[in-house]
Number of protein chains: 2
Amino acid sequence: MNVNGLRAAVKKGYLDWLAASPADVVCLQEVRAVEEQLPADVWRPAGWHAAYAPAAVKGRAGVALLTRREPDAVRVGFGAEEFLGSGRYLEADLPGLTVASLYLPSGEVGTERQAEKERFMAAFLPYLVRLRERAAAAGREVLVCGDWNIAHREADLRNWRANRGNAGFLPEERAWLGRVLDPAEGGYTDVVRALHPDQEGPYSWWSYRGRAFDNDTGWRIDLLCGTPGLAGQAVKAYVERAASHAERWSDHAPVTAVFDR
Amino acid sequence: MNVNGLRAAVKKGYLDWLAASPADVVCLQEVRAVEEQLPADVWRPAGWHAAYAPAAVKGRAGVALLTRREPDAVRVGFGAEEFLGSGRYLEADLPGLTVASLYLPSGEVGTERQAEKERFMAAFLPYLVRLRERAAAAGREVLVCGDWNIAHREADLRNWRANRGNAGFLPEERAWLGRVLDPAEGGYTDVVRALHPDQEGPYSWWSYRGRAFDNDTGWRIDLLCGTPGLAGQAVKAYVERAASHAERWSDHAPVTAVFDR
DNA sequence: CATTCAATG
DNA sequence: CATTTAATG
C-alpha cells in the first residue's frame, strides 16, 4: 500500500484502515518520514512488528513492513549500491515466506529519473531470480508487494492509448515486467491478475488531477508478485477502492490477497 | 498592510476587508504573486486603481498601491540598482501627495539577509531625504507606508528586553529609524506615534508561533511616515487588530490614518 | 493536484 | 507557525 506520505495518511484515516485490516502482513510505500516525525503508535502500531527502510533524502520514498509476528530476519536493499539508501526495498523472512515491500522509481520520460528507473529495473530483475532460488533452497515462498510503477498490459490502465509514450506504460517497461512474470525467467506470478484474468484493472492508483478517481481513470501498478507455489494458494484478491472521495487517504488504494496455506 | 501572500489573504477575508475600507489609498506589502496567479477582481478590485511592483523571484516580497483616483505618475524602486527588482518599493503621485508602499527587508542577525537589510537602509535614507525635497519643490506632501521591519523604541514591541539582539530591534536599526524620524535629517513623522505618544504599541504584527496574537505579544513595525505638513493634518490613526483569531487574514494587521485636508 | 522540503518571514 | 516554491509523484 502506497500511503503517499504517512504523516498525511494518518490525518486522513490510515490508522482506522489499519485497525480494521485482517492482514498478517502490510507493506507500505512512500512513507516519506522518519521515526522522529511520527507518534509511536503510528510508527509501531500496537499488535504489529514494524520494519522500515527510510530514504536518506528527507521526505522521499521510504518503505515499511508491518507483520503480526516478528520476522526471523529483515534486510534492507537488494544489493545494488546505488539504491541502498533510497528507501525502495525491504524484505523480511517469516516461517516459509520471504515478503518484500518494493517502491520502484516512477520515472519521467526524457529525464534522469527515467534513467534511474531503468537502472533499478536492470539490477532488480536478476535479484528477483536469485531471491526466488535462495528462498526455494530454504523452503520459503516469496511475495514481492508494492508500487511497481508499471502497468503491464492494456487492461491495466484506463487510457492505454493516450499513455503509450508515458512513463509507466513504455514498451521497455512492459517488457521488463513481462520478464519478471515469465515462468522461464523471473518466475513470479501476478497474484491479482491470476485470480482475475479477464477484468479491466482492478486499478490501484488514480491521479489527484481532474476527476480521475470519480471516473475510475486509474492504473493497476501496485502488484503482489509471488512464487507459483504461493500464488496457487491465493483464494481471494481485491483492491480496496474507497467508497467515497472523503475516505481516500492516499492516491493509491490497498491491494490485498488472501492465501489458504 | 502586509498581506503575507495575497493569494492566502484572499482565501481568508482580504476582499471583505477591502470592500469595507473607507480608505482613499491602500498600500500592500508581501503580495507574493503576479497578475496571472490571481483573479482580475483581486488584482484590480472594482473602484480602485492598482499599481504593482512584484519581485523578480517568484513568491517573494512584492508591493502594491491601490488608489481610488488614478495616480498622475507611478515609479518602481528608489534608485538602488540592487533593489530594483526586489518588490520592495513603489510610489505614486496624487494631487498634493506622493504616497509610497515600502517593504523593508526583514533581516536575520549573522546572515547575508541582515547585510542586505543594512544595504537597503543605507541607500534608502538619503533617498527619503531627496524624496521629501523633491516633493516639497513640487508642492507635494509625502507619506511612506509599509512594513519597515524595525521597532523604533521599547514601547514598540512587547518583549523588548528579550529582543535586544534580534533583527528588527538592533541598536543600529533603531538608530537608523531615529534618523528617518529626525527633523534635522530624514524629517519624517511617525503618524501613529505622533497621535499616540504614550501608548504601548499599538502593535501591527504578531508571530504565528505560540499564542503571540492572543497575548498581544506583538511589534509595531508597520509605520506611516509622513512629512510634517501632512502628519499635522492627521486626526485619527489606528491598527485594525482582528477581534478573533478566525478573522485574521495575515500575521500583520492594517494600520490606518485619517487626514483632514 | 497532493505531499514533502527549503527558504523566508 | 504560515506562505510560498521546487521536486516528486
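Every residue, even glycine, has its Cβ placed from backbone N, Cα and C.
Unlike curated entries, TrEMBL annotations are predicted automatically.
Of the residues B:GLU30, B:GLU116, B:GLU118, TrEMBL puts just one in the Mg(2+) site with B:ASN2, B:ASP147, B:ASN149, B:ASP251, B:HIS252: B:GLU30.
Cα to Cα, B:GLU30 (Mg(2+) binding site) and B:HIS252 (active site, proton acceptor) are separated by 11 Å.
Here the C-alpha separation of B:ASP251 (Mg(2+) binding site) and B:TYR103 (active site) works out to 15 Å.
Around the Cβ of B:GLU30 (Mg(2+) binding site), a 10 Å sphere holds 28 further Cβ atoms from the protein chains shown. Take the mean position of the Cβ atoms of B:ASN2, B:GLU30, B:ASP147, B:ASN149, B:ASP251, B:HIS252, the recorded Mg(2+) site; other residues of that chain with a Cβ within 8 Å of it are B:VAL3, B:ASN4, B:GLN29, B:TYR103, B:TRP205, B:ILE221, B:ASP222, B:SER250.
Between the CA atoms of B:HIS252 (active site, proton acceptor) and B:ASN2 (Mg(2+) binding site) there is a gap of 6 Å. Annotation for B:ASP147 (active site, proton donor/acceptor): same-chain Cβ neighbours under 8 Å, separated by at least 6 residues, are B:ASN2, B:GLN29, B:GLU30, B:LEU102, B:TYR103, B:LEU104, B:TRP205, B:ILE221, B:ASP222, B:HIS252.
In sequence order, B:LEU104, B:PRO105, B:SER106, B:GLY107, B:LYS117, B:ALA167, B:GLY168, B:ILE221 are the residues of the chain that are 6 or more apart from B:ASN149 (Mg(2+) binding site) and have a CB within less than 8 Å of its CB.
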